[in-house]
Amino acid sequence: MLHLHWAALTRLLVPACFVSGALMVREYLPALSENTQIVLAALPYLVAAICAVMAYQFRRVRLLLAALGVAALYWLIQNHLQVSLDHPDAARLYLVASLAVPLLCLYLLVLPERGMFNTWGLLACVFFLGSAGACFALADLILGASAGVSQAFAHRPVEGYILSIGASQLLALVAVAGIAALLLRNAEAEGPLLGVLAAGFASLAFLHLESISVVMGIAAGLCLVWGLLRSSYAMAYRDELTGLLGRRALNERLASLGKRYTIAMLDVDHFKRFNDKHGHDVGDEVLKLVASRVREVGNGGTAYRYGGEEFCIVFPRKSSEDCAAALDEVRERIADYKMSIRDRRSRPARSKDGARRRGATRIRSDQVSVTISAGVAAREEDGQDAESVILAADSKLYKAKRSGRNRVVF
Ligand SMILES: Nc1nc2c(ncn2[C@@H]2O[C@H](COP(=O)(O)OP(=O)(O)OP(=O)(O)O)[C@@H](O)[C@H]2O)c(=O)[nH]1
């Protein structure tokens, strides 16, 4: 079943603040001294360079290419589009930019992140540069096309708005595709890339406004820096497979808990047997689904992946009794959930066989389900540390396993 990450939409708030903040700040720039304006005019390059270095360090090829794109667009606007667009060369370059912003953003939005120093990363860069070059050819095609087409891509369709109808529609389509990618993938790069798209749109649509490219260049760079900081946080604190917070985050949380709290340790039942039967890949998929249910625990609990097939939930300021209903609900929801898993081991090894068999019968889709057991312990006395509460919860978990599994023991 398609799972949409609605909460990921909140990741658009920060880019939206950067872009709208930049629009507001722009009005005050003319009042600044000439020297300050010179420094400001260099800032988009500086921020893009910082992004590029960070993206290189974190091996984020999409954000690296986006930083290069932001710097290139700013350079183009500063050096070639500060003249009237009635000049044919300027009009052509403007058309190239208004095609390149949505098309290159679309490319980066759909590109999977698979590292930088490999064939994939190299091809991703080459294709990005090739697509940028193709926008010149596309612009020439449009300029030489029928009156209807070139009219749709003619700049200044209405007073105070420069971007053509065609490019505006393209941008809107890419924005929708970007939001869909954010909802589906829940990855870190989509929010910043949509911020870059919005900043690119504002730079082009309101090109006549003074300093628009400066403030939007800075806003786009800040969106990328923000994305890279989020991604470095995720690398340090989140478990890659499930997206839950990991051990490092748990240890920090345990060190800062107050006097009253409850900890639950959860473990998938007979997971070794499950892995042996369905394979490690299917096991991974099931762990992700279990994690998504554990994450939704109510009553103020925060879920962590403790390691392997074990999860930990921390309920601050709660007694064991307070958490009983929320934990039992998680257990029940996992036990009741039938997961459709494409059994990869039933896939034919050779692609030719696969094509033949797919024509005749569909690849088997198995329904599987798992259960979890949980042990719960609360901090009971002053001086008791979090490790001993975890140990107590662990021993209750052991009891839950011995008494038949698929249960919560307090
Ligand atoms: N697929 C997958 N399996 C994992 C992962 N981490 C741990 N495991 C597997 O989880 C299984 C845990 O097995 P055990 O600790 O023996 O426990 P169990 O089979 O779940 O049995 P009980 O806990 O007694 O119900 C092992 O087979 C591990 O290989 C992971 O990230 N992915």
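Yeah, the Cβs are placed from backbone N, Cα and C, and that goes for glycine too.
Summarising the annotation, TrEMBL assigns domain 'GGDEF' to 259-410.
Per TrEMBL, the feature region 'Disordered' maps to 341-362.
For the transmembrane segment (37-56), same-chain residues at least 6 beyond its ends with a Cβ under 8 Å from one of its own Cβ atoms are 29, 63-64, 66-68, 70-71, 74-75, 78, 116, 211, 213-214, 217-218, 220-222, 224-225, 228, 232. Per TrEMBL, transmembrane segment is recorded for 37-56 (among others).
Marked as transmembrane segment by TrEMBL: 63-81 (among others). Residues 41, 44-45, 48-49, 51-52, 54-56, 89-90, 93-94, 97, 100-101, 104-105, 108, 116, 124-125, 128, 132, 189, 192-193, 196, 199-200, 203, 207, 213-214, 217, 220-221, 224, 227-228, 231 of the same chain lie 6+ residues outside the transmembrane segment (63-81) yet bring a C-beta within less than 8 angstroms of a C-beta in it.
Look at TrEMBL and you will find 93-110 (among others) tagged as transmembrane segment.
The transmembrane segment annotation in TrEMBL covers 122-149 (among others).
What TrEMBL records for 161-184 (among others) is transmembrane segment. Within the chain, the transmembrane segment (161-184) has long-range Cβ neighbours (under 8 A, six or more residues past its boundaries) at 2, 4-6, 8-9, 11-12, 85, 94-95, 98-99, 101-103, 105-106, 109-110, 142, 149, 152-155, 190-191, 193-194, 197-198, 201, 204-208.
Annotation source TrEMBL lists transmembrane segment at 191-207 (among others).
Annotation comment: TrEMBL describes 213-229 (among others) as transmembrane segment.
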Subject >> Distal contacts, the transmembrane segment (191-207) - CB-CB under 8 A, six or more residues away >> reply: 8, 11-12, 14-16, 18-19, 22-23, 62-63, 66, 69-70, 73-74, 77, 81, 85, 94, 97-98, 101-102, 105, 108-109, 160-163, 167-168, 171, 174-175, 178-179, 182, 213, 216-217, 219-220, 223-224, 226-228, 230
Subject >> Chain residues in Cβ proximity to the transmembrane segment (122-149) (below 8 Å; excluding those fewer than six residues from its ends, i.e. six or more beyond) >> reply: 61-62, 65, 69, 72, 92, 95-96, 99-100, 103-104, 107-108, 111, 166
